[in-house]
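Below is one structure, written out as structure tokens; the observations come after it.
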């Protein structure tokens, strides 16, 4: 497939618009066109060892779940390992694409794969995603009625305000008088100017309606998951299930205050990777994630919530095999898709 065609297909699989605002997703490194992709190489982290594997296996595009370029590069030299990744990629005509938190949000993504480690359960996003695009422009809608005497001057001033859209006028009869109903959409910043303008006429201002325009929530899409198990299971059994699902010999466990390893778990909140900010404040019997700060673990335990930590990328990497099969279907088997054998969590138990 042509690289640009493939990138379009990958964006259809998981829209980059679903990623968190702080993230750096999409095509990060692009060889000069035209660039044909015969082999797509999947990895959780693009390290130098993984890049050498991609070169050996003649990859044309690396899909790295974590973006190897996150903070801006001021130069591309041989000095730092991330700069060397870009050099090696371009020397070998290998593109780099990263989905990161877009894959966290989608219904068929990393967090849904992680829920399978709990056993039979239902789940909903902890922080639902809103539709990335919506017909409504602006953040607020303002509606008011004005008589003919004030209408033209008012509309002229409103049109001078930036970020005004969908301005419409319709005849209206208010308290027996012929007037004009004005409706407009505006940004939060423009709203202040519109309100200031309308407040110059107290009668007009008191009859003004302001509506907050909210984008619709996307079903089953968003950050984190709150899982309700079909049947309560002891914490010790959940630990063994998680270890089996993630193929780990051990995990780190903090037992909630007033709980034991035999205490039942009915509700579990989870987030792949670093889940402190996503899980914080959620009522559950268990938090499952890769890593949390020491103080966030203490807070959870004090609130009677047990915590299972598996190390950051161990809660993500196993998804790659499932992703390979899903992408093969999505891309209609047009290219070879392989999973890195060198990719691994940097932390080991000595």
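Cβ atoms are placed via backbone N, Cα and C, with glycine included.
The divalent metal cation binding site annotation in TrEMBL covers 66, 104, 312, 316.
Residue 316 (divalent metal cation binding site): 25 other CB atoms within 10 A of its CB, across all protein chains. Apart from 66, 104, 312, 316, the divalent metal cation site neighbourhood in this chain, defined by C-beta within 8 angstroms of the site C-beta centre, holds 44, 65, 100, 110, 272, 273, 274, 290, 313, 315. Sequence-distant neighbours of residue 312 (divalent metal cation binding site) (same chain, six or more apart, CB under 8 Å from its CB) are 273, 274, 290, 291, 345, listed in sequence order. Taking a C-beta cut-off of under 8 Å and a sequence gap of six or more, residue 66 (divalent metal cation binding site) has these contacts in its own chain: 44, 45, 46, 98, 100, 313. Taking Cβ-Cβ distances under 8 Å and a sequence separation of 6 or more, the neighbours of residue 104 (divalent metal cation binding site) in its chain are 110, 111, 223, 271, 272, 273.
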